[in-house]
Amino acid sequence: MNSPPTSPVQRRASAGRDQGNNPDAQYLHICDFPDCGIAFDRREVSKHIFNYHLHGVDQWDTIICPLDQTKMRARNLARHYETKHLRARVSCPYCPREYSRRDTLVRHLRESCPSRLQG
Ligand SMILES: [Zn+2]
Ligand SMILES: [Zn+2]
Ligand SMILES: [Zn+2]
């Protein structure tokens, strides 16, 4: 059996300030794309993708997702991002970090997880 660690995994709850006053804060998501890091409303993921990552790109162009190298039409990127990278996140069992890719989490566990390094 693979028993889970005792400390509860915390969802990303502290991103951004003043979120107690902002009912929309729970929907904020930090873009995972390299060199982006922009926070956007996760209900408007396609708007962000089209405005920031597909600007001037034809919707029928073949593009490659920078996060997992999946090939697809540009028009499918927003939905791909939403299902693969926005919803399906993996959490570090030892600290509050979340990653969109399991191999990134594995590397984090091996190299940079603060709780692991202390132990
Ligand atoms: Zn972005
Ligand atoms: Zn992807
Ligand atoms: Zn960690």
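Counting begins at 1 with the first residue displayed.
Using N, Cα and C of the backbone, Cβ positions are placed for all residues, glycine too.
According to TrEMBL, the feature region 'Disordered' maps to 1-22. Taken from TrEMBL, the feature domain 'C2H2-type' applies to 29-53, 63-85, 90-110.
For the domain 'C2H2-type' (90-110), the model's average pLDDT works out to 85. Taking DSSP states H, G and I as helix and E and B as strand, the domain 'C2H2-type' (90-110) has 9 helix, 4 strand, 8 coil.
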